[in-house]
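Engineer: Have a look at the structure that comes next, please.
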Amino acid sequence: MVEVRNVSKQYGNKYVVENVSLEIPKGKITSFIGPNGAGKSTLLSMIARLTTKDSGQILIDGMEVSKCKSNELSKKISILKQSNHINIRLTIRELVSFGRFPYSQGRLTKEDWMFVDEAIEYMELGDIQDKFLDQLSGGQQQRAYIAMVIAQNTEYILLDEPLNNLDMKHSVQIMKVLSRLTEELGKTVVIVIHDINFASCYSDYIVALKEGKVVHEGPTDAIISQPALKDIYDMDISIENINDNRICVYYA
Amino acid sequence: MHKNIKMGILAAIAVILILVFLFTDMGNYWGYVIPNRSIKILALVLTGAAIAFSTVVFQTITNNRILTPGIIGLDSLYMLIQTFLIFVFGSTDLTVMNKSVNFLVSVGLMVLFAGLLYQFLFKREGQNIYFLLLVGLVMGTLFQSFSSFMQVIIDPNEFQIIQDRMFASFNNINTDLLMLSIVLMLAVSIYFFRFVKFLDVLSLGKEQAINLGVDYNYVVKRLLIVVAILISISTALVGPITFLGLLVVNVAYQFIKTYQHSYLIFSSILISIIALVGGLLIVERVFTFSTTLSVIINFIGGAYFIYLLLKENKSW
């Protein structure tokens with residue numbers, strides 16, 4: 001379980017995350033939502049130790065993140081940030097094989113390659129696995145990076161705006177993969193997401209942040225409601241039930 | 001072509017060039033010529049290896065293929081130390097004359113400087129590696145200005161001694177330092193060996209490296225010190241020629257076409273040796289010393305650098 005206790009982070013005098021406490025339920029998809037600059041990505045980065053926190057505690061399975069060995073943590077928790085630009089030329093397969101680094105330190109065993117193959121299959125990248133990343137579309141690249149995270153085979157998977165720049169088809173595909181990861185493999189997935197309808201349709205639990213603080217958290221049904229969304233986004237958002245999904249209508 | 005075959009070709013070319021350099025055009029005094037040339041070759045191989053090795057590592061740490069370690073001002077610091085020693089003690093003093101002491105002091109200070117730069121970088125959070133480069137660049141310019149300041153006010157005869165060290169020269173190699181350099185180089189290589197597995201991951205960038213369990217600050221700090229020592233060795237042996245690194249590492253990327261550092265480091269070292277030994281052959285046997293190796297290297301390197309900048313499609 002991931003527990004965040006009284007965590008704060010400030011840049012200069014401005015708190016980007018202020019005294020946040022929350023628990024992320026195991027085996028579920030949790031979405032962080034909220035307006036731009038709410039501190040969602042910073043919080044996610046702090047959980048994955050990419051950014052240090054100024055105060056508070058972050059516990060993963062009862063262990064404080066900043067005190068864990070980095071290599072041990074990398075077998076427990078993985079993160080994928082929004083922009084992934086790399087300077088070297090890699091094929092999809094090579095990129096995915098990097099996901100096994102925490103286990104093999106670069107010398108991949110047969111078992112490691114099995115995980116790589118599985119991850120590639122999971123993301124349906126088999127046909128293009130030997131293509132170079134710079135020859136791929138944004139959506140294919142994103143899927144390749146997610147495959148790498150899957151190969152890393154961690155219990156907790158953190159994704160910072162995984163749907164960034166993706167079209168509808170690929171967005172849905174990725175969200176379905178995330179659902180499968182939680183259902184079939186029992187992973188815990190945490191995503192930062194802007195499209196609240198994707199959050200509504202796919203996540204089990206939602207944490208809403210605003211100006212560095214948690215304003216609402218709870219099961220999806222409780223958060224996707226007119227008053228809660230009004231608090232979060234300062235907008236009147238009407239909610240319609242379409243095919244058993246709650247869809248927020250905020251375009252006009 | 002498989003990578004091992006390519007490496008074999010490189011190694012073969014390097015060995016052939018070395019043999020050609022050693023055993024052709026010997027004249028009658030081979031008992032004098034062979035040991036003399038061997039020392040030269042040894043110094044070339046050492047310098048070439050140090051430069052190629054440090055540039056590969058530095059480019060991986062900075063995730064940038066058009067940088068050389070020269071940018072953080074280590075060369076300028078070396079010149080400043082030399083100028084300062086002569087400025088303060090005069091050219092006859094022991095520390096200047098005893099090259100081993102001078103060498104160790106220079107290496108020590110350069111490593112210390114790299115360490116200090118690193119403190120700058122990681123003292124506050126959110127500083128990226130480019131901040132370190134910027135500070136290094138500014139410091140390098142500062143060192144240069146200090147050096148020129150001292151150079152213009154010292155005795156012209158003493159200035160000549162400094163000038164001798166200002167330019168890379170392979171005809172005037174500090175052979176006294178050779179043994180010390182070999183020992184240091186071996187020690188650094190053995191120390192480096194623990195970190196070699198991290199290089200591939202580091203080339204994915206800081207965040208990916210941390211995600212994959214690399215203790216980023218710890219590893220980068222140590223790699224930076226390895227780079228500083230290697231640069232010190234090559235600078236002390238022949239003078240500032242980090243430009244060579246840019247050239248050979250990029251040729252290595254083009255040639256071997258991989259991201260794997262186990263191949264990259266070795267092929268860069270081999271290409272570096274080929275460039276230096278081949279260049280020296282041209283200088284000594286074709287131009288009969290009417291030009292210097294560093295002129296040729298800087299000319300070819302400069303042209304290649306412009307080509308790199310102009311080239312639009314980025315392949316390897």
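Including glycine, each Cβ sits where the backbone N, Cα and C put it.
Okay, these came from TrEMBL:
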type	residues	note
TRANSMEM	B:6-29	transmembrane segment
TRANSMEM	B:41-61	transmembrane segment
TRANSMEM	B:67-89	transmembrane segment
TRANSMEM	B:101-122	transmembrane segment
TRANSMEM	B:128-154	transmembrane segment
TRANSMEM	B:175-193	transmembrane segment
TRANSMEM	B:223-251	transmembrane segment
TRANSMEM	B:263-283	transmembrane segment
TRANSMEM	B:289-310	transmembrane segment
Engineer: Can you say which of B:6-29, B:41-61, B:67-89, B:263-283 has the most Cβ pairs under 8 Å with the transmembrane segment (B:175-193)?
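Structural biologist: The stretch with the most close Cβ contacts to the transmembrane segment (B:175-193) is B:41-61.
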Engineer: Give residue numbers and ranges for long-range contacts of the transmembrane segment (B:41-61): same chain, 6 or more residues beyond its ends, CB-CB under 8 A.
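Structural biologist: 18, 21-22, 67-69, 129, 170, 173-175, 178, 181-182, 185, 192, 199, 202-203, 220, 223-224, 226-227, 230-231, 233-234, 237-238, 241-242, 244-246, 248-249, 252, 261, 264-265, 268-269, 271-273, 275-277, 280.
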Engineer: When you scan the chain for residues with a C-beta under 8 Å from the transmembrane segment (B:289-310), skipping those not six or more beyond its ends, what do you find?
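Structural biologist: 65-66, 167-171, 239, 241, 243-244, 246-247, 250-251, 275-276, 279-280, 282-283.
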Engineer: Please identify the stretch among B:6-29, B:67-89, B:101-122 with the greatest number of Cβ pairs below 8 Å relative to the transmembrane segment (B:223-251).
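Structural biologist: Selected stretch: B:67-89, with the most Cβ pairs under 8 Å.
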Engineer: Would the transmembrane segment (B:128-154) and the transmembrane segment (B:101-122) count as touching if the test is at least 3 Cβ pairs under 8 Å, pairs 6 or more apart?
Structural biologist: yes
Engineer: Taking a Cβ cut-off under 8 Å, which residues six or more beyond the ends of the transmembrane segment (B:101-122) line up next to it in the same chain?
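Structural biologist: Distal contacts: 72-74, 77-78, 81-82, 85, 94-95, 129, 131-132, 135-136, 139, 174, 177, 180-181, 184, 217, 220-221, 224-225, 227-229, 231-233, 235-236.
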